[in-house]
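Peer 1: According to TrEMBL, the protein carries these features:
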REGION    B:1-39  region 'Disordered'
ACT_SITE  B:213  active site, nucleophile
BINDING   B:241, B:242, B:243, B:244, B:264, B:265, B:266, B:267  substrate binding site
């Protein structure tokens, strides 16, 4: 690593493999030294759910898409306020995802889908692009905000991931209150769970109004990038099923030298292609966040028939929200403007 | 994908990103069609543990290194016999890892290190490079062979990973007998666990004779690659700690279009750099398995101070066993020759 310079100094280098690598020398220390220079405008982008329509039966109620978009915009605004006041990218993405977890309209925290036993089991991951530090929880129950527990794994242990009862024990040790399992369950989640247990359950119908993983990426005034994701997983999943979310490189990745990615989609497909790290490999080869996202989403569709979506940002603040599914509610805040959309090609702009 | 051709037909193409990709058209179907042509000599390579010596206090008893090497050679020979008789790469790596799990000298299955509570909790992953199908278990207890349970997750569910109690429930449903937790615990594991609990425990001493993850990669006569890894994790870990092993792209990866990787080393460091997929990205850029391994191990050491080792193979049967730690017992069988070594630069050759 180059010496800490207290300023942002990016350049394209050749790695020993010949790969193009964006060297970004900005470190948190520049802020501590008082040499706070915002070369990149702070940015946060959040996403909620890919919404896939299987077999052409893809009508999704307009009001549901609208409420999802409102929630994502709210989370993005809160994260942006943190960045504007000098907060870190990690703080911003954790706050954005916490807000989405607390919103019962989303499949994360309260509102999560139920597993085959009718319980909520959740996964979450946070990653700091400055140090590559990461923290995750897998198949954890009775916690209101898995993303905050994941952050404690990152900050307070020398591990990366804690699963199931081990994660719950750690939560207790950290003083995080255990919430009743029922407090995380919504009427909508129960209805979908019951519908899926019926002998004549229609898998196409089951995907209607599907609520997916929530996530966020950010770059702060120091040029540090971060990502966070949280999910209740897939509906009627087996007990103990772990999806892509807590799997580093699959369910998210952040590296100050390249950028940050938070994906959503079918977890098993995302894992098979290591989606997040793959997008960043394309960016290392010189592709823009948008080009890299499209290449990898296209590859996932062709290779393992997987649909999904991503929000991506590089350390210069160039961002993309791309998806191969029919819809993905997303929002991005930068330079006092809020961009958002749900359907392909949408990019509505309003003041933050 | 190209149509199934019943023969191996590899060529270097350009991906949409400009990356060089080895297209390998051989599929399992070629074997079923009777058009069995072995263009690549079958190969299996196994590894057991990186052995790191911290602070210069790195004397490791010779007899321990020798017994590890003997075990790895035995597993490699058994896997090779499967490949020679026309068995699949997946069958070969699962068999090799099963043998290592059953050997109490290794930190996988019986012989695993103990967590902070004095229990054995294990992780395992298997991946089929033909379809990118993968199966994993995380933090599973009371199972003799986690790698076989991981394979059942791959073959019998539509999930990739099951954790903790969920994995145990699935094992019962599959008729896999639950073994007493004590049956997996060796006297050596208890001694090391107790030593580490002492107030004056010496972390350098704790690492002496460290037994790490076991793993294997293989390419079969159809040109399909596969990988498998299994581990008890790190000594005195927190309950529920999940390392790199079940994390796809970190703890192993296999893709017929590039190759297969099985790593060992400090799990948290391997996750931070997504080691296995990173090595394969270098190979996609034209690097040899050896060059790609060295680049990524060097990167892991510089970026997150992590040491480790890997066995790697490409679909043509070119293989490498590389490590940044002081020692790594490994073996590779190809064209009736068994290659093996423990220390840097060793490559002893004898008939299989």
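Cβ from N, Cα, C; glycine included.
Curation plays no part in TrEMBL annotations; they are all automatic predictions.
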Peer 1: Return one of helix, strand or coil for residue B:242 (substrate binding site), based on DSSP.
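Peer 2: The residue in question, residue B:242 (substrate binding site), is strand (DSSP, three-state).
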Peer 1: Closest of the binding-site residues to the residue listed as 'active site, nucleophile', Cα to Cα, picking from B:243, B:265, B:266?
Peer 2: B:265
Peer 1: Would you count the other C-beta atoms found within 10 angstroms of the C-beta of the residue listed as 'active site, nucleophile' for me?
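Peer 2: If we count other Cβ atoms within 10 Å of the residue listed as 'active site, nucleophile', we arrive at 34.
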Peer 1: Taking each of B:213, B:241, B:264, B:265, B:266 in turn, which of these recorded positions have a Cβ less than 8 Å away from a Cβ in chain A?
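Peer 2: Listed in sequence order, the recorded positions near chain A are B:241.
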Peer 1: Consider each pair of residues in B:241, B:242, B:243, B:244, B:264, B:265, B:266, B:267, all listed by the record as binding substrate, and report the largest Cα separation in Å as a whole number.
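Peer 2: Value for the max Cα separation, rounded to a whole number: 17 Å.
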Peer 1: Helix, strand or coil for residue B:213 (active site, nucleophile)? Use DSSP.
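Peer 2: Its secondary structure by DSSP: coil.
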Peer 1: Over all shown protein chains, what is the count of other CB atoms within 10 A of the CB belonging to residue B:265 (substrate binding site)?
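Peer 2: 27, counting other Cβ atoms within 10 Å of residue B:265 (substrate binding site).
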Peer 1: Which three-state DSSP class does residue B:264 (substrate binding site) fall into?
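Peer 2: Strand, per DSSP.
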Peer 1: Other than its own, how many Cβ atoms are within 10 Å of the Cβ belonging to residue B:264 (substrate binding site)?
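Peer 2: That number is 33.
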Peer 1: With Cβ-Cβ distance below 8 Å and at least 6 positions apart along the chain, what are the contacts of residue B:242 (substrate binding site)? List them in sequence order.
Peer 2: B:123, B:138, B:139, B:163
Peer 1: Name the residue among the binding-site residues B:244, B:266, B:267 whose Cβ has the smallest number of other Cβ atoms within 10 Å.
Peer 2: B:266
Peer 1: So if I measure Cβ to Cβ from residue B:241 (substrate binding site) and keep only same-chain residues at least 6 apart in sequence, which ones fall under 8 Å?
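Peer 2: Non-local contacts for residue B:241 (substrate binding site): B:115, B:121, B:139, B:233, B:234.
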Peer 1: Measure from the Cβ of residue B:243 (substrate binding site) and count the other Cβ atoms within 10 Å, all protein chains considered.
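Peer 2: The Cβ of residue B:243 (substrate binding site) has 27 Cβ neighbours within 10 Å.
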